[in-house]
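Asker: So TrEMBL lists these for the protein:
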type	residues	note
SIGNAL	1-18	signal peptide
ACT_SITE	E170	active site, proton acceptor
BINDING	G202, A203, S204, L205, Q206	ATP binding site
TRANSMEM	446-471	transmembrane segment
Amino acid sequence: MHLSVVGLFFALFTLTCAQISSINYGRIVQNLSPQDPSQKMCYGVVFDAGSSGTRVYVYKWECRKTSSTPRLQVSEQIPEKSIRGGISKFSSNPNAAGPSLIELINFAKGIVPSEQLSWTPIFLRATAGMRLITPDQQAAILDSIRKTFRESGFRFEDEGWARVITGQEEGAYGWVASNYLHDLIKKQVDGTKTRAMMECGGASLQITFVQPQDPPKNKININFPDINQYVLYTHSYLGYGQDQARNEVIKASIVNPNDDTVISPCYNKNFNSTNVFSGNPNLRVIGSGDATKCAALIKDYMKLDPACKDCSIGGNYYPGIPEGMSIDGLGSFVFVNQFYNFTDSFSANALFARVNDFCSSEWSSVQRDHKVDEFLSTRCFSGIYVSQLLTSAFRVDPDTAISARSKIKDVTVVWTLGSMLFDMSTLRCSPGTEDCIYDDDRYKKALLYTFISVLSFAIVVVVLTVIIVAVRRRQRQRMYNRV
Ligand SMILES: *[C@@H]1O[C@H](CO)[C@@H](O)[C@H](O)[C@H]1NC(C)=O
Ligand SMILES: *[C@@H]1O[C@H](CO)[C@@H](O)[C@H](O)[C@H]1NC(C)=O
């Protein structure tokens, strides 16, 4: 009778303990298995707040095991969506800046699984348009955006998660994006084997590359702790994006400040329109379509110093792109590559030949021959500008091919990719959160639980054995006593 009750308890204990330890054991096995088929994906959201619009990108990667650089999934298209008008336009009405982004936040919410929102980081990085307004205006706009982000359901921890980045950061992130997509950001690849990056936006221009010797100026360190680190030369020229440069070059052709008409060699022959020059919408611009004259005006605007060998635009330090290094172009480079019918790459010489032809064409026939293109009138200038950036500003051999692809495989080459990689590699996997499923601390905890279960199981076994032995002895004693 006594014996059977004890036996039942023993069986129950054994079962419970076995169950507890098998759960933990299962977790550990799952956590240690390198190719878990149900590998969970983690997400990150980054907003590119540019001068003419805001675009959101949703990147994803296999959830990290430790605090390391995530491996972004770049085998498929990255979801993106944009709205027109830069956030800097809210300078007189800053409280509307945050709510203006809700449409894009909702787009991101449609991609990230809802149970993962609270640990999915959301970043906003603003560029040239915001650099041009006052610090007070910037702060008011960013405060409104931070408030909206905090209420969005995404993970938004620090003011720095929504901020204006410097031109150097923008250049460095663009460099990372392109080299990452070319599979050159890794341990085995020496920095000198990476590619140089030129990016020409609307308001600013960036150039970035690894220099064999540390550059004395314009140096930026990019460190991916578990991969590699790079010393980059990078410079951002505010005012040398194609829209700002075009306006300055038109201005240079104005003979008398009171003139209501200007003749510009940077527009197609017999182009004739107002609403072209941002300094005065009423100014009538007449095109003369002379690429060589336009190139000379651009060179003047670049304020090059022929006596300085290590200088570029405005006399700024520029060491030259190392010989043999491949060059990528983004922004205007991509638009020019497409418009002038090149496939993926072009040289300054080949570009200038086509541009020369195009600019000297009559505006009326150009309009007839091209499908609707809201930037058609600026194509002549941008072609000349890009060719002059290459040959005059950055002294690239005029026959060197510049690669100008907007996408590599299916992924848009854009600095946000570099920014996301860099921000995530500096963001620790914090114990107790889900963004780091293989976190070391959790693994240690699982080990501890197993150890405790096994230990308690052993204690129970010992205790029960002692009890059983004691009970049996007593039974035997009773039998003796009866006998
Ligand atoms: C440009 O257009 C305006 C308005 O249509 C016209 O009056 C003017 O004569 C034109 N100028 C040239 C040089 O074609
Ligand atoms: C590019 O090719 C298209 C189609 O053949 C042609 O219509 C267009 O004029 C070309 N563009 C230039 C700038 O040569």
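Cβ coordinates come from backbone N, Cα and C, glycine included.
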Asker: Using all protein chains in view, find how many other C-beta atoms are within 10 Å of the C-beta of E170 (active site, proton acceptor).
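Answerer: Result for E170 (active site, proton acceptor): 28 neighbouring Cβ atoms inside 10 Å.
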Asker: If you count, for each of the binding-site residues S204, Q206, the other Cβ atoms lying within 10 Å of its Cβ, which residue has the minimum?
Answerer: S204
Asker: Counting other Cβ atoms within 10 Å, pick out the least crowded of the binding-site residues A203, L205.
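Answerer: Looking at the binding-site residues A203, L205, the Cβ with the fewest others within 10 Å is that of A203.
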Asker: Could you measure between L205 (ATP binding site) and E170 (active site, proton acceptor) for me? Cα positions, answer in whole angstrom.
Answerer: 10
Asker: Looking at the binding-site residues G202, A203, S204, Q206, which has the shortest Cα distance to E170 (active site, proton acceptor)?
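Answerer: Given the candidates G202, A203, S204, Q206, the nearest one is Q206.
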Asker: Based on DSSP, name the secondary structure state of G202 (ATP binding site): helix, strand or coil.
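Answerer: Once the DSSP labels are grouped into three classes, G202 (ATP binding site) ends up as coil.
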Asker: Name them in sequence order: residues not among G202, A203, S204, L205, Q206 whose Cβ is within 8 Å of the mean position of the Cβ atoms defining the ATP site.
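Answerer: Going along the sequence, the neighbours come out as T127, A128, G167, E199, C200, G201, S236, Y237, L238, Y240, G241, Q244, G331.
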